[in-house]
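Notes for the one structure printed next.
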Amino acid sequence: MERPERIEDGFTTTDPLLSTGGDTPAPPTLAVVFSTLVAVSGSFVFGSAVGFSSPAQNGIIKDLGLSVAEYSVFGSIWTIGAMIGAVMSGKLADLFARRGAMGFSELFCLLGWLAIIFGKNALWLDIGRLLMGYGVGIISYVVPVYIAEITPKNLRGAFTTVNQLMICCGVSLMYVVGVIINWRLLAVIGAIPCIIQLLGLFFIPESPRWLAKAGQWKECEASLQRLRGKDANISEEAAEIKEYTETLQKLSEAKLVDLFHKKYAHSLIVGVGLMVLQQFGGVNAIAYYASSIFESAGFSGRVGSIAMVVVQIPMQVLGVLLMDKSGRRPLLMVSAAGTCLGCFLVGSSFLLQDLQLWKSSPFLALVGILVFTGSFSLGMGGIPWVIMSEIFPINVKGLAGSLVTVINWFGSWIVSYSFNFLMLWSSEGTFFIFSAVCGVTVMFVAKLVPETKGRTLEEIQSSMT
């Protein structure tokens, strides 16, 4: 049996003795697990920032004498920062590498939390929230991309979905702990994951695919070997990365207009389409205004919000476990169908309430929102980000990722801003619209979204162009 032979730039040929291939997938190495945990510390910061404003509202208004309008600015200004961060996220991730971009974003998040912790007036709170939003805008792009680029193909879906799981955990922690502690102490808790990630970044490898793009072939091989284990045969994966990257490097530097070339059309339609459908399916309307929705439907807002937390995390965990078993497309379609049903039940509850046909309609609203929350957590929450990190070639990934992330945040702002006006127009009509969008999502996934389970990033990207 032949031993490994060296070829140019430090990449080895195959060695059957060290191969983990075949039909038996390699288990995750400690390096992959630890690197993922460090990366998703940023996702926890994301979730903490989302969940902070709701439990902190009464305390901040009371302590600093803010008006409702001033607090509304504080609560919403972070989406402006997030859109700015999202615009720059791809370029920063390409310029400073994935680890550098994560560290850069966490510095802004940490400064934001410190401004809130020590802030004495609305201006400092708004500055802190804006800085935090900028950092989160970068995090929302670079974390799933980094995880997708370091994990083996048989684990990539599950590990990338941990990003969404940690966002849910951050939101849930703020909701639960914020009820019993002071808002400044709550902000201190939110800052802790920033510090954890900043320290952890010194101990994790850079993305081998970014290193390959930068022409650092030996560093790419060293990073890949560290991630796959010292005895693993990395020759085939390394050679595929090298060949694909060298092919792309023959192309000119990508510009924004290049994204709209025919060869990228499928990737762009899938990436943008999933983000638009995710947001206009009503997720942030329900996340931001759950209590008021429950109260409008005649149900306890506090009990309903706690029930959402109880449902959300287990379903997110189930989604992580199923990601690389069922595949992306089936899980997405089941998830979207569930959100469609959930919104339809909530809309029906409001309709029955208006018509005074059923006294128990508030319970139908509770069931509908829990069905929506559980279904969204199962797939629609995390899988669009997984697919976004998989489908774009490395030469346009920065630009395309920034565009997709900005669209996601812009959609979030539109829905969260317009929701109260829509509810004044027609409560049942609003949720029937959300239900229709979720129904369209099922058809969109069935017709256009590729299955990426068990394929390398290079295989996926080649098939999309």
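Note that the numbers count up from 1, one per residue, in the order the chain is shown.
Note that Cβ sites are derived from N, Cα and C of the backbone, with glycine treated the same way.
On a predicted model such as this, the values are computed, not experimentally measured, just so you know.
What TrEMBL records for this protein:
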{"type": "REGION", "residues": "1-22", "note": "region 'Disordered'"}
{"type": "TRANSMEM", "residues": "30-51", "note": "transmembrane segment"}
{"type": "DOMAIN", "residues": "35-453", "note": "domain 'Major facilitator superfamily (MFS) profile'"}
{"type": "TRANSMEM", "residues": "71-89", "note": "transmembrane segment"}
{"type": "TRANSMEM", "residues": "101-119", "note": "transmembrane segment"}
{"type": "TRANSMEM", "residues": "131-148", "note": "transmembrane segment"}
{"type": "TRANSMEM", "residues": "155-177", "note": "transmembrane segment"}
{"type": "TRANSMEM", "residues": "183-204", "note": "transmembrane segment"}
{"type": "TRANSMEM", "residues": "268-291", "note": "transmembrane segment"}
{"type": "TRANSMEM", "residues": "303-323", "note": "transmembrane segment"}
{"type": "TRANSMEM", "residues": "330-351", "note": "transmembrane segment"}
{"type": "TRANSMEM", "residues": "363-387", "note": "transmembrane segment"}
{"type": "TRANSMEM", "residues": "399-419", "note": "transmembrane segment"}
{"type": "TRANSMEM", "residues": "431-449", "note": "transmembrane segment"}
If we call contact 3 or more Cβ pairs under 8 Å (sequence gap 6 or more), are the transmembrane segment (71-89) and the transmembrane segment (131-148) touching?
yes
Please check if the transmembrane segment (155-177) comes into contact with the transmembrane segment (330-351), where contact means 3 or more CB pairs closer than 8 Å and the residues in each pair are separated by 6 or more positions.
no
What stretch of 30-51, 131-148, 431-449 shows the most Cβ pairs under 8 Å to the transmembrane segment (268-291)?
431-449
Please work out which recorded stretch in 101-119, 131-148, 183-204, 330-351, 431-449 has the most C-beta pairs separated by under 8 angstroms from the transmembrane segment (30-51)?
183-204
Count the CB pairs under 8 A between the transmembrane segment (330-351) and each of 101-119, 131-148, 183-204, 303-323, 431-449, then give me the winner.
431-449
Hey, which of 183-204, 363-387, 431-449 has the most Cβ-Cβ pairs under 8 Å against the transmembrane segment (101-119)?
183-204
Mind checking which residues reach the transmembrane segment (363-387)? Cβ under 8 Å, same chain, six or more beyond either end.
140, 144, 148, 156-157, 160-161, 163-165, 167-168, 270-271, 274-275, 278, 281-283, 286, 290, 293-294, 297-299, 304, 307-308, 311-313, 315-316, 318-320, 322-323, 328, 331-332, 334-339, 341-350, 352, 431, 441, 449, 452
